[in-house]
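First the structure, then my questions, so here it is.
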């Protein structure tokens, strides 16, 4: 009998850093400030990476892309996701599907949702759904100080 599918959960949060490029769901949003971070600050992709790693029992992005390691400084979320997928394949897993929800007031994801889903699906080699919500003025994201994202991923052993 083959191993049952495995589910992983990922979460990330970053504050905005004025003047920094805004990368979110793998896309550049040029009219918005980006998020602070060692890499590109893309909370959605980081949450996806954590969800995929968690599902396959491979730790988290903090362990894989250590902040003190200069190889990962300013690395793109797309490159991180590619690296995670390759790691998964080496360990005998593949992603079945994933979902990510961005939490924040800006930038608006809706107008670029299809573009984001296509990009993330290509990177993960599996269907990815993208959603967004706000916290109705509550907390860091509600005050417009940053963004967070939560993601799930389903993987199977191949």
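Yeah, the Cβs are placed from backbone N, Cα and C, and that goes for glycine too.
Small disclaimer: the values here were computed from a predicted structure and weren't measured.
Take a look at what Swiss-Prot says about it:
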- 12, 14, 46: divalent metal cation binding site (BINDING)
- 12, 13, 14, 38, 39, 60, 61, 62, 133, 134, 135, 136, 143: 4-CDP-2-C-methyl-D-erythritol 2-phosphate binding site (BINDING)
- 38: site 'Transition state stabilizer' (SITE)
- 134: site 'Transition state stabilizer' (SITE)
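On this model, are these features tucked inside or out on the surface, and what's nearby?
Non-local neighbourhood of residue 12 (divalent metal cation binding site): 43, 44, 46, 47, 50, 148, 149, each in the same chain, at least six residues away, with C-beta under 8 Å from its C-beta.
Shown in sequence order, 101, 102, 103 are the residues of the chain, 6+ apart in sequence, with a C-beta less than 8 angstroms from the C-beta of residue 133 (4-CDP-2-C-methyl-D-erythritol 2-phosphate binding site). Under the DSSP three-state reduction, residue 133 (4-CDP-2-C-methyl-D-erythritol 2-phosphate binding site) is assigned to strand.
Its Cβ placed at the centre, residue 38 (site 'Transition state stabilizer') has 16 other Cβ atoms within 10 Å.
Neighbour density for residue 134 (site 'Transition state stabilizer'): within 10 A of its CB lie 14 other CB atoms from the protein chains shown.
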State the three-class DSSP label for residue 14 (divalent metal cation binding site), counting H, G and I as helix, E and B as strand, and everything else as coil.
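Where residue 14 (divalent metal cation binding site) sits, the three-state DSSP reduction gives strand.
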Of all the binding-site residues given, 39, 46, 135, which has the fewest Cβ neighbours within 10 Å once its own Cβ is left out?
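So among 39, 46, 135, the binding-site residues given, the one with the fewest Cβ atoms within 10 Å is 135.
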Quick one: Cα separation, residue 39 (4-CDP-2-C-methyl-D-erythritol 2-phosphate binding site) versus residue 14 (divalent metal cation binding site), in Å?
11
